[in-house]
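The active site, for OMPdecase activity feature in TrEMBL is assigned to Asp370, Lys372, Asp375. Annotated substrate binding site per TrEMBL: Asp317, Lys339, Ser430, Gln488, Gly508, Arg509, in sequence order. If you look up TrEMBL, you'll see 311-524 marked as domain 'Orotidine 5'-phosphate decarboxylase'. TrEMBL lists 1-27 with the feature region 'Disordered'.
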Amino acid sequence: PRNSISHKPPRKGAEQHGSLCESSSFRSGPVHSGEMAELDNLVLKLYEVQAVKFGTFKLKSGITSPIYFDLRVIVSHPSLMNEVGFTPATNTCFRPPLTHSHCDCSTPHELVSSVLFRCAQEARLQYGSVCGVPYTALPLATIVCSKHGVPMLIRRKESKDYGTKKLVEGTIHPGDSCLIVEDVVTSGSSVLETAQVLRNEGLKVTDAVVLMDREQGGAARLAEEGIALHSVITISKLLEVLRAGGRIDAAAAESVHQFIRDNNTFGASTCGLSAPKKPCKELSYEARADLPGVHPMAAQLLRLMEEKRSNLCLSADVSRAEELLQLAEELGPLICVLKTHVDILEDFSVQVANSLKDLAIKHNFLIFEDRKFADIGNTVKHQYEGGLYRIASWAHMVNAHAVPGPGVVHGLRAVGKALERGCLLIAQMSSRGSLATGGYTQEVVKMAEDNSDFVFGFICGSRISDKPGFVHMTPGVQLQSGGDGMGQQYSCPGEVIGTKGCDVIIVGRGILAASDKVAAAEEYRKAGWEAYLKRLS
């Protein structure tokens, strides 16, 4: 492969005690005192610039953590650069004597890129290009590539609707191996998302180097997907160095250790601590349906999906009732849910609604009216039960924005609960520039938890709740990732179900625009179901 990094193995019989790079699949030669001094210095330097913080922090997942890594701050220390030497021509790393004064002048970026590159060297990785996980790892990948003459690729989080519309920028050679660079790994989801995008471009992804492994199951999860994680520092090592350096006390260290024990996202912790939690097991749809307290609509949908071996929702965005009913008749056997936009039908009638209900019974699917309610409670109550469409009388489920506050749910519940209906809250959207992100999404999750007697899940792009009773349904799905000219962003079934942990794929144009809609629907059904089975295995 182009610009590959390859080293000879250690001589036979050489003593091996570990290395600067910690990997479940590799241990290299003896650790030199200079390397350990550099690693300790890096930990202390990160602490000094407040890239490592102790206290009480709410993570993206909603969990409260006693430790937080904010490696973005290292971009603000340019005056500390140019102290760690390299010899790019030979792809080896030259390490000058590590005196105390030398280390004090080293930039965190320079130190990090140095140890990340050395980590890849010691693992004898071969790769033709490097890709940093957006966004914090991008400057790290840039320094590694520029100093060592390695081609770099840039992954966009979303494709643009102009220009080349690419998700990956740079020169791509299908069949080459690409090394992923990341700053911190917890569950491994960000690495997996990047790997999926790169693999969709024809690249091989088998390894990732990371500065900090939080030891919360990310390495095990990545291994399940064929990616070996090579970490420079584990959270256990970081705590050890900070404790020895007098930066934190025993209570702070134990608080973090306990947090890691209690919050393993995939499997048993590798912290070297006693009594780790047992590996988390992914529950099947059917097992989730049988859990106590699960909303009846969620239970019905989960059982239906298991019975039909389908997690496919058809987005039937058509303007004529005849076409809607024909789609329901032809594709009904392959889907678990049929999603309507009743307000774009030019010829809606009560008879159309009744015919759709009959087809739902005949082919065993649920009807989801994509109404996106977003008004005060009293208004949505009347919109739901009355008006021209009388949605509550025929749709098993509807959705709503959380912007108006919990009143929107209360208004819908006043009508739908007695009819055994359910509601999905819109937590994320697949359109470019959506404001439904971050803190807003977390507030949506909280609203759902507070109203779980009527809300049974989310419209979202990834799993946002660890409560197995909630169903996660994802729009914007096509067999190939990408985007259209109107801001829509597409993900593939394997990414949505396997990597992002969602339950239902919502597919519209990928089926409706096909010359053989039945064959296209079967292809999506099969892709979604196989991704689910792989997630269970």
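Using the three backbone atoms N, Cα and C, a Cβ is placed for every residue, glycine included.
Features per TrEMBL, on structure.
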residue : record                              : Cβ within 10 Å
Asp317  : substrate binding site              : 14
Lys339  : substrate binding site              : 24
Asp370  : active site, for OMPdecase activity : 22
Lys372  : active site, for OMPdecase activity : 14
Asp375  : active site, for OMPdecase activity : 17
Ser430  : substrate binding site              : 21
Gly508  : substrate binding site              : 20
Arg509  : substrate binding site              : 14
Using DSSP and three states only, what is Arg509 (substrate binding site)?
helix
Cα-to-Cα gap, Lys339 (substrate binding site) vs Asp370 (active site, for OMPdecase activity), nearest whole Å
6
Using Arg509 (substrate binding site) as the reference point, find which of the active-site residues Asp370, Lys372, Asp375 has the shortest Cα-to-Cα distance to it.
Asp370
